[in-house]
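A quick write-up on the structure given underneath.
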Amino acid sequence: MIVTMKAMEKRNKKLWTLYLAMALITPCLSLRQLYATVYAGVPVWEDATPVLFCASDANLTSTEKHNIWASQACVPTDPTPYEYPLHNVTDDFNIWKNYMVEQMQEDIISLWDQSLKPCVQMTFLCVQMECTNIAGTTNENLMKKCEFNVTTVIKDKKEKKQALFYVSDLMELNETSSTNKTNSKMYTLTNCNSTTITQACPKVSFEPIPIHYCAPAGYAIFKCNSTEFNGTGTCRNITVVTCTHGIRPTVSTQLILNGTLSKGKIRMMAKDILEGGKNIIVTLNSTLNMTCERPQIDIQEMRIGPMAWYSMGIGGTAGNSSRAAYCKYNATDWGKILKQTAERYLELVNNTGSINMTFNHSSGGDLEVTHLHFNCHGEFFYCNTAKMFNYTFSCNGTTCSVSNVSQGNNGTLPCKLRQVVRSWIRGQSGLYAPPIKGNLTCMSNITGMILQMDNTWNSSNNNVTFRPIGGDMKDIWRTELFNYKVVRVKPFSVAPTRIARPVISTRTHREKRAVGLGMLFLGVLSAAGSTMGAAATTLAVQTHTLLKGIVQQQDNLLRAIQAQQQLLRLSXWGIRQLRARLLALETLLQNQQLLSLWGCKGKLVCYTSVKWNRTWIGNESIWDTLTWQEWDRQISNISSTIYEEIQKAQVQQEQNEKKLLELDEWASIWNWLDITKWLWYIKIAIIIVGALVGVRVIMIVLNIVKNIRQGYQPLSLQIPNHHQEEAGTPGRTGGGGGEEGRPRWIPSPQGFLPLLYTDLRTIILWTYHLLSNLASGIQKVISYLRLGLWILGQKIINVCRICAAVTQYWLQELQNSATSLLDTLAVAVANWTDGIIAGIQRIGTGIRNIPRRIRQGLERSLL
């Protein structure tokens with residue numbers, strides 16, 4: 001057996017060498033060349049800051065300022081908005097660096113500038129006014145009756161006027177009164193020395209309507225739908241939308257009115273929620289109704305020269321104490337809201353100890369910051385919120401209870417009214433808001449608040465105080481835009497495939513498809529979470545579906561721009577819409593130009609002849625493991641190099657096509673008869689004749705060499721020719737020997753055509769013999785190869801048989817050894833088992849005989 005194994009080992013050494021060589025060669029054979037392929041409309045994006053445009057359902061017949069502004073500045077909303085979920089996609093959001101907030105701030109400033117459009121310069125009121133108190137007015141809205149002189153149409157003539165002013169709108173002068181009236185002092189309007197005061201007109205209803213912000217073509221808006229998302233960080237539940245939800249541009253301080261509620265728990269947003277002195281934006285998960293009223297008043301129109309000025313009527317105001325404005329709310333529900341806010345904050349900071357959470361009034365500042373400031377139908381309210389923020393909660397962990405309850409179910413906020421207001425837009429005074437006739441009522445929903453902590457959070461501190469704050473309107477817009485971000489959809493990407501573009505192509509069969517690559521952004525992104533291979537199969541269908549929606553969007557933009565041009569009101573929003581449209585067109589043209597330079601115009605998948613460099617990352621495994629977004633991040637540093645190589649290859653392709661088109665001139669037979677071509681034809685003929693002569697010489701040399709190697713001497717080129725003897729010549733015998741009529745070989749000249757025929761015939765025969773020999777040689781090689789493969793197969797079969805025999809032999813040996821071991825073990829066990837059994841039997845017999853032995857002993861003793 002040992003001899004057999006050694007023989008087998010010796011025989012298989014060569015086979016092991018062959019197997020090792022095949023194992024090394026096989027991976028090399030499997031590495032196929034990859035080529036760069038351009039894919040259009042892939043789900044790849046990057047953060048961007050384009051110009052957004054707005055959409056709204058404005059009522060064209062309404063005179064309300066928001067409607068007028070929206071009808072002129074915004075396009076109609078989409079009746080069937082698209083929202084595509086992005087599965088398996090995560091992205092980072094940061095509301096504190098979101099440019100959408102900045103743009104909305106600019107837009108709302110534009111809205112207010114138009115809604116409170118100044119039309120009358122009020123510089124004539126910046127004069128000394130003699131004012132007296134009015135009995136019956138409340139402390140919150142103290143009023144004075146003032147007399148002042150104004151210039152009439154005739155400049156050198158003065159006229160005395162009377163008007164009512166709120167004390168908060170007046171500034172006392174040190175001048176003494178020229179009259180002897182009691183309680184009379186000299187006043188002027190506030191801030192007359194710092195700015196020009198203008199009157200807002202006309203004063204009508206001021207009810208904000210929802211405005212949707214939309215991304216232009218080629219861009220998309222990501223929306224985070226996670227209920228626990230607070231505006232900063234990574235979101236894992238993302239959808240793609242064309243426009244945001246409807247946002248009501250309600251301007252207020254301290255409280256957020258008519259906003260969007262939090263879907264889950266109360267949301268608290270801040271740059272650092274632990275730091276004191278920083279704004280904390282609170283979004284509630286339930287609303288609290290607040291109703292604000294201003295009683296009936298009369299107004300009077302005063303003609304000052306060619307201008308009209310409106311003020312409160314003097315006749316119906318004196319003695320009327322019901323002029324106080326106020327806001328009502330449910331104090332019990334408000335206390336619950338503050339309690340939930342405190343508990344939510346403690347939950348976010350992971351509080352575990354006991355602490356007192358206090359809500360206190362504003363610490364001071366401008367009237368717009370220390371009071372709840374908002375606009376109600378054109379009147380500017382300044383409401384004292386000290387009662388709303390007068391709560392203390394005793395908390396243990398994240399559970400709080402009310403320590404002081406000083407209010408009933410109904411809460412009332414006293415409010416001031418001002419005619420000369422400080423504009424929140426640019427932080428200056430100078431807007432005179434004329435009083436509105438009649439009774440004013442505004443019903444709002446409290447959906448949030450803006451707070452500040454007195455001190456930085458410290459778990460060892462037992463007291464935390466929150467105060468309301470306001471003034472930065474961007475915080476209000478952040479509550480609406482915290483879960484949005486704008487991205488630019490990259491029109492194309494590049495990836496390696498095994499398919500290469502033909503090196504030369506006349507492009508006669510290129511498909512003419514007008515694909516707007518710069519406009520593919522919604523449905524394409526819906527496949528963002530899929531792998532590259534899965535996403536590439538659905539691009540064509542989504543592209544066709546989405547292109548129609550983008551075309552409609554562009555048409556709506558164009559209609560809005562045309563309407564503004566007809567109304568001669570191409571304002572900043574009209575310019576913004578025009579920029580959005582031009583941006584889309586410029587993006588489209590730029591993308592189409594790049595695709596044209598690469599030879600990919602009109603193609604969704606464009607194969608190129610650029611070989612994928614092994615130094616570039618990526619192989620065929622990326623199609624099943626990576627998404628397009630992940631792949632784009634990996635090649636971001638080398639994509640420009642790849643595109644340059646594609647452009648160079650396309651330039652070479654164009655040059656090759658030019659040469660190919662030049663050869664296409666052979667298709668016209670008339671070009672053959674051109675006199676300028678004749679010299680070229682003669683040149684070709686000379687080349688052909690020279691080639692034939694050269695081949696003839698080579699054949700002669702080869703034949704001579706062959707004959708010399710076979711032992712023959714070279715003969716002159718002769719042809720047989722039968723020579724007829726002249727008549728009358730007697731025949732002779734014997735002298736020359738042989739037959740007299742035998743033909744003789746003598747040289748004979750030939751013509752050009754017979755010689756050409758002979759040469760061609762000889763060349764063809766020689767080529768035929770050469771190819772025949774080559775075919776026979778190939779046949780022999782194939783037969784040898786087949787024989788070798790057959791022998792190799794036989795050897796492999798023999799090796800398998802030997803392996804099977806060896807395996808069978810060893811199995812049999814193992815079986816025999818196991819059987820022998822079991823037999824030996826059985827014999828050994830049997831030997832010592834028999835002794836044990838015999839011993840046990842003896843012991844048992846002895847025990848069994850004990851009674852008998854006892855009986856026998858007793859019998860003997862009795863005998």
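The backbone N, Cα and C atoms fix where each Cβ goes, glycine too.
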CYS442: disulphide-bonded cysteine as recorded in Swiss-Prot, out of CYS376, CYS383, CYS395: CYS376
N-linked glycosylation site according to Swiss-Prot, picked from ASN258, ASN831: ASN258
Second cysteine of the disulfide that Swiss-Prot assigns to CYS243, among CYS201, CYS214, CYS224: CYS214
CYS292 - recorded disulfide partner, Swiss-Prot, among CYS235, CYS327: CYS327
Per Swiss-Prot, the range holding region 'Fusion peptide', considering 514-534, 787-807: 514-534
Cβ neighbour count within 10 Å of CYS442 (disulfide bond): 19
Remote residues contacting the region 'V4' (383-415) - C-beta distance under 8 A, at least 6 residues beyond either end: 138, 140, 254-255, 292, 294, 324-332, 334-335, 338-339, 342-343, 346-347, 351-362, 371-373, 466-468
DSSP residue counts for the region 'V4' (383-415), split into helix, strand and coil: 0 helix, 17 strand, 16 coil
CYS224 (disulfide bond): secondary structure state under DSSP, collapsed to three categories: strand
